[in-house]
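*Asks:* Summarising the annotation, TrEMBL assigns [4Fe-4S] cluster 1 binding site to B:Cys62, B:Cys65, B:Cys160, B:Cys194. Residues or ranges marked as domain 'NADH:ubiquinone oxidoreductase-like 20kDa subunit' by TrEMBL: B:62-207. TrEMBL lists B:227-307 with the feature domain 'Cytochrome-c3 hydrogenase C-terminal'. The feature [4Fe-4S] cluster 2 binding site is assigned by TrEMBL to B:His232, B:Cys235, B:Cys260, B:Cys266. Taken from TrEMBL, the feature [3Fe-4S] cluster binding site applies to B:Cys275, B:Cys294, B:Cys297. Residues annotated as transmembrane segment in TrEMBL: B:327-348.
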Amino acid sequence: MTPGFEGSFLGAADKISSLAIMECKICWTPYDPAMGDDTRQVMPGTAFLDLPDDWSCPGCSAPRAQFLVREDPGAPSAAVMAEMEARTKALVADFTEVFHSRMRDLPMVNQALHVQAVGFQPYEGGFLGVLVAPWFMNLVLLPGPERAVLKVGTKETVTFPSGAYEFMHAAREMVGPYMACALFSPMGDFTSQLQAVEVARAAMGELFRVENRAETDRAADIRALREAELAPVAEPDLAPSRRKLITGGLGE
Amino acid sequence: MSQIETFYEVMRRQGITRRSFMKYCSLTASALGLGPAFVPKIAHAMETKPRTPVIWVNGLECTCCSESFIRGAHPLAKDVVLSMISLDYSHVLMAAAGHAAEAALEEAIEKYKGNYILAVEGNPPLNEDGMFCIVGGKPFVEQLRHVAAGAKAIISWGACASYGCVQAASPNPTRATPVHKVITDKPIIKVPGCPPIAEVMTGVITYMLTFDRLPELDRQGRPAMFYGQRIHDKCYRRPHFDAGQFVEAWDDDNARKGYCLYKMGCKGPTTYNACSTVGWNEGTSFPIQSGHGCIGCSEDGFWDQGGFYNRLTNIKQFGVEANADQVGMAAAGVVGGAVAVHAAVSALKRAQKKTQDKVEG
């Protein structure tokens with residue numbers, strides 16, 4: 001059976017944690033493990049998965065499988081999302097501070113814009129997204145613990161489906177080490193924050209599409225072709241053999 | 001189509017012995033980093049493969065382009081000059097002089113009509129019928145038109161040939177004019193810079209020879225792979241710009257820390273070139289790395305864009321490859337999915353690494 005637009009948990013016990021707060025998809029009655037269920041005298045602290053098999057919605061008697069996840073603080077992804085939110089928040093706070101303290105009176109700054117983190121998503125243990133600011137728009141990689149921290153200004157190539165991008169290592173007091181790849185700067189051509197965010201969001205999508213690869217100098221291709229030109233020419237075997245001599249070459 | 005000689009035939013014609021030829025092949029092998037086993041293979045390729053004739057003419061210029069070109073390291077300029085092209089005419093590099101040189105030019109034009117690449121260094125002055133630049137007793141503009149007529153494609157080396165450079169700076173007394181405004185009926189590839197980076201010059205020419213076509217060009221006719229990136233976007237001092245850390249005066253504490261030179265007049269934010277990725281002198285350094293701002297030498301009319309140390313104020317551009325719908329987006333403030341995607345894709349393509357380290361696929 002393909003669920004189509006199902007959305008409910010359908011008994012997928014491996015997808016939810018014991019802390020998951022569930023909600024009936026028909027009458028929106030929630031089940032919170034912290035509260036239990038008075039109707040069936042389920043003690044507080046009972047996980048949704050530990051409810052009796054014949055348990056149904058206390059509001060409308062819908063079957064247990066028809067419940068949706070409302071929120072799942074115990075899911076592994078929730079911890080990641082919380083970390084992502086904290087780190088992007090620090091990023092935005094840090095660059096907002098830079099704007100107010102050092103950038104706001106420079107003529108190249110676009111006063112219509114403000115600092116915003118767009119489209120952040122987990123990437124290789126870290127987080128990847130676009131940082132929009134009144135003076136730049138960068139792809140920003142907040143690195144995971146296993147990525148080496150290099151000196152500010154060092155370039156490192158990160159490969160996405162659309163091509164290889166050079167990210168520059170940098171660090172800020174609040175953000176810690178991060179890597180950035182410039183998309184726009186200065187930002188004079190954006191007329192509104194909405195427009196800049198739209199472009200940032202599009203960039204995050206297009207980054208993962210193969211057809212957006214640009215042409216390179218093809219130096220390696222050229223070298224390979226040149227070396228192939230110089231490749232050995234098949235030398236005819238000129239050594240005399242008894243068989244050749246007798247058959248006059250017909251026996252080959 | 002006239003028969004194009006192989007390298008070996010040319011050398012023989014010029015009276016070079018087979019022994020010297022083989023010696024040259026072994027030198028080439030070592031220059032390419034290949035072992036002695038490759039010597040016969042190189043000899044074979046040179047005996048059989050036809051070379052592309054190149055005619056290199058010089059107008060009003062300072063020879064910095066030639067100087068840069070012969071310092072190319074990847075690929076080695078001498079490898080390009082000696083084994084891929086036949087430089088049939090070049091003031092700077094040819095052995096012949098005087099009437100013999102001019103005769104060689106006529107011979108090359110006649111022999112390779114429609115097949116040669118014309119490389120132009122410098123530009124023709126048009127005032128007083130071109131009398132401000134005389135080559136071989138005739139105005140350079142006449143020589144240029146004459147040679148261009150039979151060319152397959154034209155390379156405009158440097159800011160002079162591409163945009164006019166210092167001799168075309170206001171008030172331009174000689175009316176020095178870039179090549180594309182004089183020759184309008186041939187494909188022209190601009191390789192601006194004062195001079196262009198050596199590796200860019202050899203890279204462009206080997207690309208054209210290997211794939212027998214022009215590389216992808218941007219809207220100004222420059223090869224996108226080298227001129228598609230803003231100095232500012234690939235500058236190693238970029239993190240300091242992002243963080244608002246600027247040099248405020250020469251030799252202040254921030255200058256020692258290597259902060260961003262924008263406030264000292266760096267033209268990086270409006271300049272498209274490969275300096276911050278390829279670097280100069282085999283990638284050793286580039287102006288910003290040695291503590292001076294970019295002067296924007298590869299941009300149109302850079303002598304008339306204000307002082308080198310004036311801070312950029314009016315920088316409102318999406319980049320050279322901005323097209324009609326991007327301009328429309330800026331003007332009308334349209335927020336449309338397709339327009340945003342287009343802007344995003346061009347930004348991503350610009351940001352991509354343009355130097356190829358390994359063969360793909």
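Cβ coordinates are placed from backbone N, Cα and C, and glycine is handled just like the others.
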*Asks:* Once B:Cys275, B:Cys294, B:Cys297 are set aside, which residues in the chain still have Cβ within 8 Å of the Cβ centroid of the [3Fe-4S] cluster site?
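*Replies:* Checked against the 8 Å cutoff, the neighbours are B:Gly193, B:Ile231, B:Lys267, B:Gly268, B:Thr271, B:Asn273, B:Phe286, B:Pro287, B:Ile295, B:Gly296, B:Ser298.
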*Asks:* Run through the domain 'Cytochrome-c3 hydrogenase C-terminal' (B:227-307) and tell me, per DSSP, how many residues are helix, strand and coil.
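*Replies:* So the domain 'Cytochrome-c3 hydrogenase C-terminal' (B:227-307) is made up of 31 helix, 6 strand, 44 coil.
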*Asks:* When DSSP states are grouped into helix, strand and coil, how many residues of the domain 'NADH:ubiquinone oxidoreductase-like 20kDa subunit' (B:62-207) land in each?
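*Replies:* Helix, strand and coil residues of the domain 'NADH:ubiquinone oxidoreductase-like 20kDa subunit' (B:62-207) number 65 helix, 32 strand, 49 coil.
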*Asks:* Report, in whole Å, the straight Cα-to-Cα distance of B:Cys294 ([3Fe-4S] cluster binding site) from B:Cys235 ([4Fe-4S] cluster 2 binding site).
*Replies:* 10
*Asks:* Counting every protein chain present, what is the number of Cβ atoms, excluding its own, within 10 Å of the Cβ of B:Cys235 ([4Fe-4S] cluster 2 binding site)?
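*Replies:* I get 27 for this one.
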*Asks:* Applying an 8 Å Cβ threshold (strictly under) against chain A, tell me which of the binding-site residues B:Cys65, B:Cys160, B:His232, B:Cys260, B:Cys266, B:Cys294 fall inside, in sequence order.
*Replies:* B:His232
*Asks:* So how many other Cβ atoms are close to B:Cys297 ([3Fe-4S] cluster binding site), meaning within 10 Å of its Cβ?
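*Replies:* B:Cys297 ([3Fe-4S] cluster binding site) is surrounded by 22 other Cβ atoms within 10 Å.
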*Asks:* For the binding-site residues listed here (B:Cys194, B:Cys275), which one has the lowest count of neighbouring CB atoms within 10 Å of its own CB?
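*Replies:* Lowest Cβ count within 10 Å among the binding-site residues (B:Cys194, B:Cys275) is B:Cys194.
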*Asks:* Could you measure between B:Cys65 ([4Fe-4S] cluster 1 binding site) and B:Cys275 ([3Fe-4S] cluster binding site) for me? Cα positions, answer in whole angstrom.
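*Replies:* With the alpha carbons as reference points, the distance is 15 Å.
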